[in-house]
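Right, one structure below, let's go through it.
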Amino acid sequence: MMEFFDAVMLARMQFAFTVGFHIIFPAFSIGLASYLALLNGLHLYSQKNVYLDLFNYWIKIFAVAFVMGVVSGLVMSYEFGTNWSVFSFKAGPIIGPLMGYEVMTAFFLEAGFLGVMLFGRERVGPKIHFFATLMVAIGTFISAFWILSVNSWMQTPAGYSINAAGQFVPEDWIKIIFNPSFVYRLVHMVFAAYISTALVIASVGALHLLRLNKSAVGSAAGTFTQGSRQAVCLMFSMALWILAILVPMQMEAGDQHGLNTFKYQPKKIAAIEGHYEDAKPAGLMIFGIPDDKNRKMDYALEIPYLGSIILTHSLDGEILGMDTWPRDETPPMALPFFAFRIMVGLGVMMFILGMWSLWLRHKKTLYEKTWFLKYALVMGPAGFIAVLSGWVVTEVGRQPYTVYNLLHTTQSHSLLNAATVGTTLVAFITVYFVLFGIGVYYILRLMNQGPAGSELASTPVTQSKNAVYGSYLQNVGKGDSHES
Amino acid sequence: MNLDITLIWGGLLAFVVLAYIIFDGYDLGVGILIPLMRSDQERAQMLSSVRLWDANETWLVLGGGGLFAVFPLAYSIIFPALYLPLIGMLLSLVIRGVVSEFRWQNKQSAMIWDSLFFVGSFLAACFQGMILGALVQGIQVVDHAYAGGPLDWLTPFSVMTGIALALGYSLLGATWLVLKTDGELQNKAFSLIKVLGSLMVLMVGVVSLWTPFLKQDYLSRWFAWPQAIYVLPVPLLLAAAIFILFRAVNRRNTWVPFVATISIFLLSYIGLLISIFPYVVPDTITLWEAAAPLSSQKFLLPGTLILVPIILIYTTYAHWVFLKEEKA
């Protein structure tokens, strides 16, 4: 048991923990930043207050999520060096410049305009404020571009040579940035971010619609104004449009990404598909419990031919099994196998949500059907779970390498003792769970409050519990009392 | 060989680190001063004066990322050597970052968040100072890898540089508050500058006298004839900056203390660079030994030369937007 917790294993756990925590927040901020830019633009164009109401509502949630993304991302940029110094030395010449460009083109853009976006509306006017919002949104997008380029290069390295010191030397930057799996990964991730955000927005919309519908029927003590109902309906409708359109596109993108992985990372596909032995034709494993020790799949439930059809687009195409390669060159099967099934299963449930919404729209009952609203409500976190699952598939599937087939994970780490890494791991877990737990609690509390309607600005719920962020700071600046 | 890209990179990275020290220094400093203010109103005002902290912190990401990209050997030696203080700094910054946001979410718990904001700011500053001190005092390297223990960084010298930097940041924070606020808070900030400035002078003196005796090499940079004549302007200008700082406080000038303190930081930083150049891991690895292949350096250079000025422009704009507001 003790040798399981050696420094390398602990370093991997630390990295996995911090990235796993981190990935949720950028996924949310990419989607939310675009949504905020859209709302701000629509308000600027149409001058309708409802867009501004929604903007003011979501920007508070964005502020909390963004800050958690920033600080957990800061940790990531240093952990390469602390825990993975050999990897840093060898892959730094390629990955470093890409991350350098990320910081300069994206990170600064987001952070630089964030202040104006959050607090500056009154000071700079609506047009510059819209510009600032747009810059933040573009920043999140550019950030995704570079980071996925880095990640994809580690998966499908290209455009390099190796020097005497064992370093990867960049030869062709176009090939490095646009490496074979990059476009697939970028599209898949950006769609995932948009879908995850839309699911959250739809879920919050559903929550408030359920309450509004109930209070309209039941007691007269509805806490919402007419304006806020309009805002809730609008955000619910917008989010479901996004889902109805993007989820099918994401399925196609995921399929294309799978074909690309089949071509460049067949070992990962073998793990995902659950095949230990070569299969020709190959079935599609619906369920099973992988037994890495005895190299067999227990309780396998398989649909004949379907695996070949999906991956090779022919009835009897061959899919290589894990035993094609030496055992120390393949990833463990269970994690990618199960994570993939969670991701795809959630994808199907999102697809149902989108299609159902189209049907109800057609019937003009989108905002009334209680079962549909409840379904939308519980699907709120589905996108993040799918993102995390997809990340497990792609990262664990890359094992046992940091740079696929070229640099072994066990040869990438720093010479550290287990106690040091273990101590900091515990510190990370404690700080992250406490602080980000509180952050998520605040986000949920904001979501629970619902958007204010500007037609009747004295909406009790939203004003008393939580004074509007910007106006609070303004009051402070002017020396007013800050208890509203 | 008429253009040494690696040297340009050394200069650029030095600039990025300096930009970090000044930008995040003032807001870490404001965080350190939080406990000195009793009223909730003053604390809220202080916190809203550092609302661009995440843009400021981005310089730190660029510093780490730049080292990774251009001097990967130095990155892979320094980071494991300074493992604990680096992670300590990161966690402190995580705490400080999130609680600055939490304060506006829950005013009932403002006291808790303010205390944590102070703890995060103070520890981040101390760890940064200790990182600096540990680097200056030297890192044990064998076969191009860190070969020391997990606590080698912790010495009297590094503890002292940790305290010195925390003091320096709080001085910078106080001068920032003078610039950004008025009334009672500004008065308090003015009197803080006098106290912190005196302590800072003391610390600069101690560090400057201690550093040259850490390594023979440092000593000869500063005291061997005739080099000493080239480095003499640094201490002289430092003395001038300190004089200007105190005079400005007496005249209740709002801009000069901030600029004078930045000059003190700049001159101390130049002094540091004079001590360690051309090494990036002092005494063991030079800039050129640590450098990434030329193709990496060349790829990142034009982007950096174009983007950093643009970043400076819009960061200044963002600062200016809020400066106007608070002075209105």
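Yeah, the Cβs are placed from backbone N, Cα and C, and that goes for glycine too.
TrEMBL: automatically predicted annotations, no manual curation.
A Cβ distance under 8 Å defines the sequence-distant neighbours of the transmembrane segment (B:12-37), meaning residues of its chain 6+ beyond its ends; these are 43, 46-47, 49-50, 52-53, 55-57, 59-60, 62-63, 66-67, 70-71, 96, 114-115, 117-118, 120-122, 124-125, 166, 168-177, 185, 188, 192, 258, 262, 265-266, 269, 273, 304-305, 308, 312, 315. According to TrEMBL, the transmembrane segment annotation covers B:12-37 (among others).
TrEMBL lists B:81-99 (among others) with the feature transmembrane segment.
Among the features that TrEMBL reports, transmembrane segment is placed at B:111-136 (among others). Outside the transmembrane segment (B:111-136) by six or more residues, the chain places 27-32, 34-35, 43, 47, 78, 81-82, 85-86, 88-89, 92-97, 99-100, 102-103, 152-155, 157-166, 169-170, 211, 214, 272, 275-276, 281-282 with a CB less than 8 A from a CB of the stretch.
Residues 22, 25-33, 46, 49-50, 122, 125-130, 132-134, 136-137, 185-186, 189-190, 192-193, 196-197, 199-200, 203-204, 206-207, 210, 214, 254-255, 257-258, 260-262, 264-265, 268, 323 of the same chain lie 6 or more positions beyond the ends of the transmembrane segment (B:156-179) yet place their CB under 8 Å from a CB of it. As annotated by TrEMBL, transmembrane segment applies to B:156-179 (among others).
What TrEMBL lists as transmembrane segment is B:191-210 (among others). The list of residues near the transmembrane segment (B:191-210) in space but at least 6 beyond its ends in sequence, with Cβ under 8 angstroms from a Cβ of it, reads 33, 36, 157, 160-161, 163-164, 167-168, 170-171, 174-175, 177-178, 235, 238, 242, 245-246, 249, 257, 264, 268, 271.
Residues annotated as transmembrane segment in TrEMBL: B:222-246 (among others).
Beyond its flanks by at least six residues, the transmembrane segment (B:258-279) meets 10, 14, 18, 21-22, 25-26, 132, 135-136, 168, 171-172, 175-176, 178-179, 200, 204, 207-208, 211-212, 218, 221-222, 231, 234-235, 237-238, 241-242, 244-245, 248, 285-288 of its own chain at Cβ-Cβ distances under 8 Å. Residues or ranges marked as transmembrane segment in TrEMBL: B:258-279 (among others).
The annotation transmembrane segment is assigned in TrEMBL to B:299-323 (among others).
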Sequence-remote partners of the transmembrane segment (B:81-99) [C-beta within less than 8 Å, at least six residues beyond its ends]: 28, 31, 53-54, 57, 60, 113, 116-117, 119-121, 123-124, 127-128, 130-131, 134-135, 139-140, 146, 148, 150-153
